[in-house]
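See structure below.
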Amino acid sequence: MNWRTVIYVILLVSLTVVKALPRSYRDIEEKTSIGQRFSQLQENTFKAIAMIMFAQYAQGGTFGKAVKMAEDVTDLAKRCAAAASDSPDCLKPLDRIFLDTICQEENLPSFTDCCAKKDPERNDCFLSLKNSSRGFISPFERLNAEAACKNHSQDQHSLTGYFIYEVSRRHPFLYAPTILSVAVRYDEMMKNCCGSTEDPTQNLEECFRRQAPKVVKPVREDGLRQEHTCGILKKFGERTLKALKLAQISQKFPKADFVTVSKLVMDVANMHKDCCRGDMLDCMRDREEILHYVCANQDVLSSKIKNCCEKPLLQRSECIVNAENDDKPADLSPHVREFIEDEGICERFAQQKDTHLARFLYEYSRRHPEFSAQMLLRIGKGYEDLLRECCKPGAPDDCRSRGEEELKKHIYETESVMKTSCDIYQEKGDYYFQNELLMSFTKKMPQLTSAELIKFTKQMTTIGSTCCHLSQDKLLPCAEENLDLVLGEICRRHLTDPINPGVCHCCSSSYALRRPCLGKLEIDENYVPLSLTPGLFTFHEELCTTEEEKLRHKKQEMLINLIKYKPQITQEQLASVTAAFTAMREQCCQEETPAACFAREGPELIKRSEKMLSA
């Protein structure tokens with residue numbers, strides 16, 4: 001398969017072509033034949049999509065099988081297009097042909113039960129088997145630079161095709177154009193690093209190390225965001241997802257009217273439903289239709305997306321998402337007091353609750369681009385709670401007017417939390433700020449492993465470096481929306497392996513309140529501290545390493561174990577133990593045999609630390 005040609009053709013595929021993609025089983029009347037699809041998409045684009053679909057559906061299948069199935073389907077499509085055939089195979093919906101091909105393939109026993117079902121239940125069964133959990137498929141092996149370049153020089157097309165297959169089966173819900181654009185970056189990396197193999201000054205390992213993050217980053221980031229959105233939809237339902245998208249779209253397009261924004265919200269929510277189910281063809285078509293609508297209606301939506309709409313299709317979506325919010329209308333009033341003061345508020349709330357609340361969220365969001373979407377949802381929830389209370393019979397006359405004071409209080413609290421965090425970050429820097437987070441989160445979630453705690457707090461520290469230097473109007477959206485991704489990952493970890501009741505409550509009760517809820521968690525009182533076994537604190541000569549990163553990692557592991565051993569540790573106790581450890585390390589690392597020193601002084605340090613911690 002000429003995969004390089006496939007990749008570059010997909011970059012040029014037009015909106016008209018993508019609209020040719022079939023809808024799901026519920027829209028069978030809209031479907032056209034596989035021959036028509038082939039003619040609209042052209043061979044290389046059709047073949048690329050087929051390859052990704054088979055790798056995402058049959059994750060356990062080999063590369064050879066995925067290639068064979070993609071070529072079989074492409075050959076059928078080519079025959080049907082050439083002869084305009086009305087044979088039964090040519091008239092089947094495309095999604096059914098894909099599943100028939102998998103079911104006819106030998107040595108794929110895991111699909112026997114699904115293949116026995118009739119459509120659309122068969123499709124639902126296949127989708128339910130998609131597994132994106134880490135470890136389901138072994139991680140990518142570290143690239144051997146010389147071997148990779150040798151393979152690239154011998155058959156670069158198959159190597160790129162194999163890369164597409166490996167990414168697709170590890171990310172069965174990832175948007176296909178993301179995979180194809182990543183494959184372009186992979187191909188460019190291979191050309192750049194392997195192109196000068198005869199040059200003795202070319203360091204292959206260094207070249208791959210430098211360029212690999214550009215390849216991996218879109219997969220990791222797009223995959224995380226997609227998983228995050230699907231987690232919100234699964235846990236909190238369509239109503240919450242629509243509210244989130246309403247806030248975000250209202251901020252992005254403040255000049256658009258409520259009807260236009262509502263249409264986009266519905267379309268985006270439906271797209272996510274298809275994408276989260278794993279219906280890749282539906283997901284692609286939904287997404288491209290939204291892009292087409294947005295770019296065709298720039299005049300009523302935004303003046304900031306003209307350049308985005310001129311970009312190649314694969315770059316358009318990311319560009320629009322990252323584009324600046326449009327300027328607010330000049331005549332937009334600063335307040336929305338009519339939602340508090342109008343006489344007919346309670347009647348409208350009773351008769352059209354969701355529409356009324358949506359209008360409030362739309363009006364408030366378009367006026368406040370400086371707030372995070374999550375904060376806007378909390379404001380919307382506060383408004384709903386206010387009307388529930390104040391629209392009851394017998395409620396005092398000034399009931400609704402109290403809402404404004406509550407709102408100001410919440411805004412102040414949220415901004416204070418973010419400001420305090422940034423002040424600490426700017427004072428302490430990355431490493432010591434992460435240590436503060438490690439102390440806090442180890443007390444809240446001692447059930448997490450050291451590796452998990454270090455990973456999550458490292459991600460939070462990165463948010464500090466990314467957001468804390470921004471102006472006040474950009475700080476909150478940057479900080480809370482990025483923090484929401486990390487907390488979403490923690491909550492998905494909780495779903496697969498429960499952490500503790502406090503985390504369960506915060507991750508389950510309310511999406512809008514998830515961040516403040518987790519922030520208020522303190523020590524898990526039900527946690528049974530670690531016992532002081534001989535292996536809990538070990539001191540070896542590796543503590544004398546001159547590699548600062550390794551030393552810091554080792555210290556953080558010891559800090560976590562210390563808190564798991566003594567969750568109630570005070571700052572003063574921690575300072576004393578840390579000072580004693582630092583003195584011992586300096587002493588032993590200066591001796592001729594550090595290992596003997598650590599073996600002698602380590603147990604003594606533990607004894608002294610026990611006394612300090614029991615004081």
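Each residue, glycine too, has its Cβ placed from N, Cα and C.
Looking at the candidates C103, C125, TrEMBL gives C103 as the cysteine bonded to C115 by a disulfide. Annotation in TrEMBL places C507 in a disulphide bond whose other cysteine, of C478, C491, is C491.
Between C309 and the candidates C295, C319, TrEMBL annotates a single disulfide bond, the one to C295. Candidates considered were C319, C346, C467; the recorded disulfide partner of C391 in TrEMBL is C346. When the candidates C125, C149, C230 are compared with TrEMBL, only one is recorded as disulfide-bonded to C194, and it is C149. Across the structure, C230 (disulfide bond) and C467 (disulfide bond) place their CA atoms 25 angstrom apart. For C422 (disulfide bond), the nearest neighbour among the listed disulfide-bonded residues (C90, C399, C478, C544), judged by C-alpha distance, is C478. Candidate disulfide-bonded residues: C90, C276, C391, C422. Fewest other C-beta atoms within 10 angstroms, C391. C346 (disulfide bond) and C390 (disulfide bond) have their C-alpha atoms 8 Å apart, to the nearest angstrom.
Within 10 Å of its Cβ, the residue among the disulfide-bonded residues C125, C467 with the fewest other Cβ atoms is C125. Of all the disulfide-bonded residues in the list C80, C391, C597, the shortest Cα-Cα distance to C114 (disulfide bond) is found for C80. Model confidence over the domain 'Albumin' (410-607) is summarised by a mean pLDDT of 93.
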